[in-house]
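To keep things clear, I will list the structure first and then write my remarks on it.
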Amino acid sequence: MPLQWLIVFFAWGGAAALAAVPNLRHATLANVVVSGMTFMLALAMASEPYAQHGWTHTDTLNLPFILVSTFIGLTTAVFSAATLDREGFDHWRIRAYHAAYQVFMGAQLLALLADNLGVMWVAIEIATLATVSMVAVHRTPAAFEAAWKFFILCGVGIALALFGTIVLYLAAQPLLDDATGLSWNALMGVAARCDPATLNLAFAFLLLGYGTKAGLVPLHSWLPDAHAEGPVPISAVLSGLLLNAAMLAILRAKAVVDGHPDTVAPGPFLMALGLASVLLAALALWKRRDARRFFAWSSIEHMGIAAFAFGIGGAAATLAGLLHLIGHSLVKSAIFFGVGRAAQVKGSQKIAEVSGLVASHPALGWGLALAILAIGGMPPFLLFASEFRLLSAAMAEWPWLALLLALGMLTAFAALITVLQAMCFGERTPDVPATPGGWRKAAAATPLWLHLAAAAALGIAMPAGFASMLAMAAQVIG
Amino acid sequence: MRFGQLSYDLSHLLGGAVLLLSFVLLYQRRIGAVINAFATQGTLLAMAAAWAAYAQGTPGLYLTALLALAVKGVLIPLALHRLVRELNLHRTVETALGVGPSMIAGVALVGLCILVTLPATEGARLLSRETLALAMSVVLLGMLMMITRRNAISQVVGLLSLENGLILAAVGVAGMPLVVELSTAALVLMIALVAGVFAFQIRERFDTLDTGSLEEHRGEQR
């Protein structure tokens, strides 16, 4: 079996096995092992040449994201192993939670690997179903409300995306044979000869559909609630992985539509949605009192920044967007690790009740402070590099819009600094009495620092192979 | 295939009937009637899929038709009726927009679909383009129903009917690859959604299926 299939089926096989493990200790450990093996498989896949196997393929665009996704999958599993005992799950929920986690990981990888747009759609649908069940797992009214909203809005979103996929096929139908139908590579090949008006129609639906999943304003309203109510590891993988998969789906659709000279340019639509996301999120950040909702809104802002970069188009801006997605994944999941841990230590996820972390828990407090600076675009982290590249590309082509974008980013940054001061410094709030120590404390702190190190390493000295992959992807897509 | 041929005319008739049922869904005031109208729409969709299987010579679509008939024509309506009965829900539908304005908006949406799809798809086969216009109308009317109804069950039925439009589009495009797989995957999503209504026990938790009351549990307002 080719590695591309093996990695997906391995995760799903892991899900089936984990559904049978009722013991918390064993299940969390097995989850880490499965995630670790998946990461190994991704590394092995990266050492293979690019290839297409049936409905899946590896190319310069998806391979970096597969590496990042499996890495975050592994660190999140470690974080989950260290903190899950505090969620108070019974054995059914332990089974369901871990099975859903691996089903999600497999679907996420399939969504990235898929060459066939139909398969990509099915994978994103499975990922949605898995995450909905994880958001609802606490069974509180607020969790049900969040899960229901997530389900209904994303249900409409993925339905529209399927409609867009059907219309896209209709546009290319006379030029494709049965064997290649819906293959992205084949569609790219014939895009220049498709019917342009049908391509426009298809892109409108695909943008609305996958844009809902990516949390672009005005289709974002499910995102803050879904991030705030599930177990913390779910927030980390929602922001770190699922949003990227949706964004790459939009990017692939845009590349096909861009391939025809007479279509309505898709770029300005992406730029408009992106800018709206940045500006609305920059204002909304100031009104949040709940830490996880706050950082969920920050995800909306960053998806907006990436969408804006992809909208500008061209190799430079697209590269900035891809770097931004990767940097955001690493740093935002690190923040959720920090916030999740802080919420456990302080017994609340309200910003006002989590304060003075640096004084009480230095490793956690400083880690969270650095991560918030990193998400704000401070050097030396990767997001500084991507935002710098984006702003210079935007200044060259759309100076006025670049000013608006910079204004939004600065407003959001100021809000981030306010929250940083409140949570990490400020007056120390009391801890919940029974704070566990030992390996759990270390295992909960490690992923945060590991992600920061990765984001800093990629920002300062990105490995040449990784950088050239992304640059080539930006050439093809942009 | 063109106007006057049986396979063309019958596909149009069935597609048009599915669209008509979308309008019926829009003006029902009683929840039982909404569910029955949805069951009828599911049955008509199954017939459209079966006819497409016969006319296009793609036996796989018979499976799509059979699944649509079993799940949308029978199982989901039965489950929803049971839910309404067991939880003793309000039998009337609360609308955010009156029936008259909803119908006018619906007609406007259908007009929009025809204006958008027919010129846009000149390259495609005649049947595909016209089915696409019908299917897109069903999709948009489903969305309209979700917007104009405040009651959770009607919103679910709106989404289910939206998905009927997708299947209509998928079976209408002759030669669409993976059509059986995609329609089955979409169906799984819809079944999960109906299961969600049961699993989340919205009635017990919130005392009413009016989604307006869910708003109290929204994020920051706690």
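Keep in mind that glycine also has a Cβ here, set from the backbone N, Cα and C atoms.
Here TrEMBL flags A:29-51, A:63-84, A:118-138, A:150-170, A:190-211, A:232-253, A:265-286, A:307-327, A:363-386, A:398-423, A:448-474 as transmembrane segment. The annotation domain 'NADH:quinone oxidoreductase/Mrp antiporter transmembrane' is assigned in TrEMBL to A:114-405.
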Counting Cβ pairs under 8 Å that are 6 or more apart in sequence, does the total for the transmembrane segment (A:190-211) and the transmembrane segment (A:307-327) reach three or more?
-> no
So which residues does the transmembrane segment (A:363-386) touch in its own chain, when a touch means Cβ under 8 Å and the partner is 6 or more beyond its ends?
-> 295, 298, 302, 309, 320-321, 323-324, 326-328, 330-332, 334-335, 338-339, 341-342, 345, 356-357, 409, 412-413, 416-417, 419-420, 423-424, 445, 448-449, 451-452, 455-456, 458-460, 462
Which of A:118-138, A:150-170, A:307-327, A:448-474 has the most Cβ pairs closer than 8 Å to the transmembrane segment (A:265-286)?
-> A:307-327
Do any residues of this chain, six or more beyond the ends of the transmembrane segment (A:448-474), have a C-beta under 8 angstroms from a C-beta of it, and if so which?
-> 59-61, 63-64, 67, 71-72, 75, 315-316, 318-319, 322-323, 326-327, 330-331, 333-334, 337-338, 341, 363-364, 367-368, 370-371, 374, 379-385
What parts of the chain pack near the transmembrane segment (A:398-423), using Cβ distances under 8 Å and only residues at least 6 beyond its ends?
-> 271, 275, 278-279, 281-283, 285-286, 291, 294, 298, 301, 304-305, 308, 312, 342, 351-352, 354-355, 357, 368-369, 372-373, 375-377, 387, 390-391
Given the transmembrane segment (A:232-253), its same-chain partners at Cβ distance under 8 Å and 6+ residues beyond its ends are 61-62, 65, 68-69, 72-73, 76-77, 79-80, 83-84, 101, 104-105, 108, 111-112, 117, 120, 123-124, 127-128, 131, 134-135, 161, 164, 168, 184, 202-203, 206-207, 210-211, 213-215, 226, 266, 270, 292, 295-296, 299, 303, 306-307, 310, 318, 321, 325, 328-330, 332-333, 336-337, 339-341, 343, 477
Residues of the same chain, at least six outside the transmembrane segment (A:63-84), with any C-beta under 8 angstroms of its C-beta?
-> 7, 24, 28-29, 31-32, 34-36, 38-39, 41-43, 45-46, 50, 94, 97, 101, 105, 108-109, 112-113, 231-233, 236-237, 240-241, 244-245, 248, 322, 325-326, 329-330, 333, 337, 340-341, 344, 439-444, 446-447, 450-451, 454, 466, 469-470, 473
The answer for the transmembrane segment (A:307-327), taking Cβ pairs under 8 Å and residues 6+ beyond its ends, is 61, 64-65, 68, 214, 216, 244, 247-248, 250-251, 254, 258, 266-275, 277-278, 374, 381-383, 385-387, 389-390, 392-394, 397-398, 401, 405, 455, 458-459, 470-471, 473-475, 477-478
